[in-house]
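Visitor: Sharing a structure, written as structure tokens. Questions coming.
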Amino acid sequence: MVRKSPGSGKEEDFTFISPVVKYLLIFFNMLFWVISMVMVGIGVYARLLKHAEAAMACLAVDPALLLIGVGILMFLITFCGCIGSLRENICLLQTFSICLTLVFLLQLAVGIVGFIFSDKARGKVSEIISNAIEHYRDDLDLQNLIDFGQKEFSCCGGISYKDWSQNMYFNCSSENRSQERCSVPYSCCLHDEGEAVINTLCGQGMQELDYLEAGEFIHTNGCIDRLVNWIHSNLFLLGGVALGLAIPQVTKHLRAKLIYTWRIGIQV
């Protein structure tokens, strides 16, 4: 769209930005802004409910910290986008655009690195799972997450059900006086579909059995192999989800760029 500045004979080129673009950007940023505050609130609430010693012992595998971290990052980015587009502030719009670009490139880089260095990625996943097993009883959120994963993937432990010996309560050593000695969590057990009441002691003493004997009562395969197989069989689905996450980022980036370019044009 061509406009003429009053009192000057020069023509200046401005790109017309529809109010729809502006208010769509504001709407989506406000939506994710609210979501980010909810995530931070849930994460902080979950952290406050935990005992101080237990909370400090398993910081690396605490789902609450992940919620808080992602929530704060999302809050800051959407704050720049929302206020920047509402006030048409060039600095905030540029910051928002750069942040979205960095997040998108980071997601892309993680996917590529994970694919190229799959062995190292597998080792890192194994390390995270081992750490989670070690702190299974220290954090209720982590415990629920592990139980959910083992039930969903029909697995037990990282590499095998024997990995549960890494936990001080399930350890098979003679020094361990726990009632759960040499056992596995109930989420490892084979359950009948029509079973009304779940026996939480079904994993008692399972680590003392060999694979064939234990296989009659619990899942003996590790969760790492199950997870890798699930990823391989759902590559197209995961690709679609990744694309679905990328499209809003790209469109918001483009809208921010349009408004930013428009504002620069007006100030020329």
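Cβ atoms are placed via backbone N, Cα and C, with glycine included.
Remember, it's a predicted structure, so these values are computed and weren't measured experimentally.
Sharing the record's features from Swiss-Prot:
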{"type": "TOPO_DOM", "residues": "1-23", "note": "topological domain 'Cytoplasmic'"}
{"type": "TRANSMEM", "residues": "24-44", "note": "transmembrane segment"}
{"type": "TOPO_DOM", "residues": "45-63", "note": "topological domain 'Extracellular'"}
{"type": "TRANSMEM", "residues": "64-84", "note": "transmembrane segment"}
{"type": "TOPO_DOM", "residues": "85-95", "note": "topological domain 'Cytoplasmic'"}
{"type": "TRANSMEM", "residues": "96-116", "note": "transmembrane segment"}
{"type": "TOPO_DOM", "residues": "117-226", "note": "topological domain 'Extracellular'"}
{"type": "DISULFID", "residues": "CYS155-CYS223", "note": "disulfide bond"}
{"type": "DISULFID", "residues": "CYS156-CYS188", "note": "disulfide bond"}
{"type": "CARBOHYD", "residues": "ASN171", "note": "N-linked glycosylation site"}
{"type": "DISULFID", "residues": "CYS172-CYS182", "note": "disulfide bond"}
{"type": "CARBOHYD", "residues": "ASN176", "note": "N-linked glycosylation site"}
{"type": "DISULFID", "residues": "CYS189-CYS202", "note": "disulfide bond"}
{"type": "TRANSMEM", "residues": "227-247", "note": "transmembrane segment"}
{"type": "TOPO_DOM", "residues": "248-268", "note": "topological domain 'Cytoplasmic'"}
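In the displayed structure, how are the listed features positioned relative to their neighbours?
Guide: Listed by sequence, the residues of this chain that lie at least six past the ends of the transmembrane segment (64-84) yet keep a Cβ under 8 A from its Cβ atoms are 25-26, 29-30, 32-33, 35-40, 42-44, 46-47, 50, 90-93, 95-96, 99-100, 103, 141, 252, 256, 259.
DSSP places the residues of the topological domain 'Cytoplasmic' (85-95) in helix, strand and coil in these numbers: 9 helix, 0 strand, 2 coil.
Counted with DSSP, the topological domain 'Extracellular' (117-226) comes out as 51 helix, 4 strand, 55 coil.
Sequence-distant neighbours of CYS223 (disulfide bond): residues of the same chain at least 6 apart with a C-beta under 8 Å from its C-beta are ILE129, GLY149, GLN150, PHE153, CYS155, CYS156, GLY157, GLY158.
Around CYS156 (disulfide bond), a 10 Å sphere centred on its CB holds 26 further CB atoms from the protein chains shown.
Every protein chain shown contributes to the tally, and the Cβ of ASN171 (N-linked glycosylation site) ends up with 18 other Cβ atoms within 10 Å.
CYS182 (disulfide bond) is surrounded by 19 other CB atoms, counting those within 10 A of its CB over all protein chains shown.
Other C-beta atoms found within 10 angstroms of the C-beta of ASN176 (N-linked glycosylation site) number 16, with every protein chain shown included.
There are 22 other CB atoms within 10 A of the CB of CYS189 (disulfide bond), with all protein chains counted.
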Visitor: Calculate the distance in Å between the alpha carbons (Cα) of ASN176 (N-linked glycosylation site) and CYS188 (disulfide bond), and round it to a whole number.
Guide: 21
Visitor: Using the alpha carbons only, what distance in Å do you get between CYS189 (disulfide bond) and CYS182 (disulfide bond) once rounded?
Guide: 14
Visitor: Between C-alpha atoms, which of these recorded positions comes nearest to CYS202 (disulfide bond): ASN171, CYS172, CYS182, CYS188?
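Guide: Sorting the recorded positions by distance from CYS202 (disulfide bond), the top entry is CYS188.
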Visitor: CYS155, CYS172, CYS188, CYS202: which of these disulfide-bonded residues has the sparsest Cβ neighbourhood within 10 Å?
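Guide: The disulfide-bonded residues CYS155, CYS172, CYS188, CYS202 were compared, and CYS172 has the fewest Cβ atoms within 10 Å.
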Visitor: Given CYS172 (disulfide bond) and CYS188 (disulfide bond), what distance in Å do their CA atoms have, once rounded to a whole number?
Guide: 17
